[in-house]
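*Asks:* Before anything else, here's the structure in question.
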Amino acid sequence: MSLNKSLTLNDGNKIPQIGLGTWLSKPGEVANAVEVAVKSGYRHLDLAKIYQNQEEIGTALKKVIPSVVKREELFITSKLWNNAHRPESVQAAYEETLNELGLDYLDLYLIHWPVAFVPGKDLVPKTEDGKQTLIDRDVTIVDTWKALIELQKAGKVKSIGVSNFTIEHLDAIINATGVVPAVNQIEAHPLLPQDDLVAYAKQKNIHLTAYSPLGNNLSGKTKIVDYPQVSEVAKKYNADPAQVLIAWGVKRGYSVIPKSVTDSRIKSNFDQIELKDEDYDKVTSLYKELAKVRFNIPFTYAPRWDVNVFGEDVEKEATQSVKIQ
């Protein structure tokens, strides 16, 4: 059973609480995933320019609109990539995404990272040795946020927000413009509950979307679904561990965007359970028993982003911070 709940954003628009993530969904797989998801009841799709699969997703959307759903029944998110942060580049980047998807508008457009790359066609511009990305220090997150505000004012996009922003970053753009993002999409799971950010978002009425809600497999660490605390709760509900982690995020008030290209997993991820308080607490206790784990830190990427985004220990060697204003 899916509860198929929607939550109301601070601008009055509604976001379905369970969505399909499309990060790391390879070409040749993602179109089928989107088609299966929509036919299974998903109405929230999370996309991004950097995933380099939006044209294929556009093909899938043509198959399901209007035969399965009307366009207005879907909530479609995409994200502005780092090479288009300069204000004069934002509208063109947005329109390129619309063209790739074959859409007239997006429901939500996010600044993907609070980091700008040198502008140009190259999505990941690199230094000559290929070891680091080329960071653009001539544009601030406030500049880019103002450009998104203009997109929304022009009626081109319904809601605007950010992704991977800390409290400091959010304060900066809100104080500079008076416009509060509708959404901050963050990495969130039981090993990274981000309680301070959750409390701040609640105070400011910023909705949080959780990416990597199951952790991820990139870092070589134990998968969160494999911890006994999670599997024990799953057995109690006759559910699988992924369903438990999704339910944990839902109970915290997030919208949750698990990624899969497997038909059965796409369907089971949408088949929600509701955790009782004691089981929610058991899953939450992972954070107290184990060290905090953030799987997505750009300073550790190859090529490296030489920017301290989150203030994690591993980022202390970075020579640059996020350019706020």
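Positions of Cβ are set from backbone N, Cα and C atoms, glycine also.
From a predicted model like this one, the values you see are computed outputs, not experimental measurements.
Relevant sequence annotations retrieved from TrEMBL are reproduced here:
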type	residues	note
ACT_SITE	Tyr51	active site, proton donor
BINDING	His112	substrate binding site
DOMAIN	18-287	domain 'NADP-dependent oxidoreductase'
SITE	Lys79	site 'Lowers pKa of active site Tyr'
*Asks:* Taking the Cβ of Lys79 (site 'Lowers pKa of active site Tyr') as centre, how many other Cβ atoms lie within 10 Å?
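*Replies:* Within a 10 Å radius of the Cβ of Lys79 (site 'Lowers pKa of active site Tyr') lie 25 other Cβ atoms.
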*Asks:* Three-state secondary structure of His112 (substrate binding site) from DSSP?
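*Replies:* Coil, per DSSP.
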*Asks:* Taking the Cβ of His112 (substrate binding site) as reference, which residues of that chain separated by at least 6 in sequence fall under 8 Å from it?
*Replies:* Ala48, Lys49, Ile50, Lys79, Leu80, Trp81, Asn82, Ser163, Asn164
*Asks:* Within the domain 'NADP-dependent oxidoreductase' (18-287), what mean pLDDT does the predicted structure show?
*Replies:* 96
*Asks:* Based on DSSP, name the secondary structure state of Lys79 (site 'Lowers pKa of active site Tyr'): helix, strand or coil.
*Replies:* strand
*Asks:* Within 10 Å of the Cβ of Tyr51 (active site, proton donor), how many other Cβ atoms are there?
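*Replies:* Excluding its own Cβ, Tyr51 (active site, proton donor) sees 22 Cβ atoms within 10 Å.
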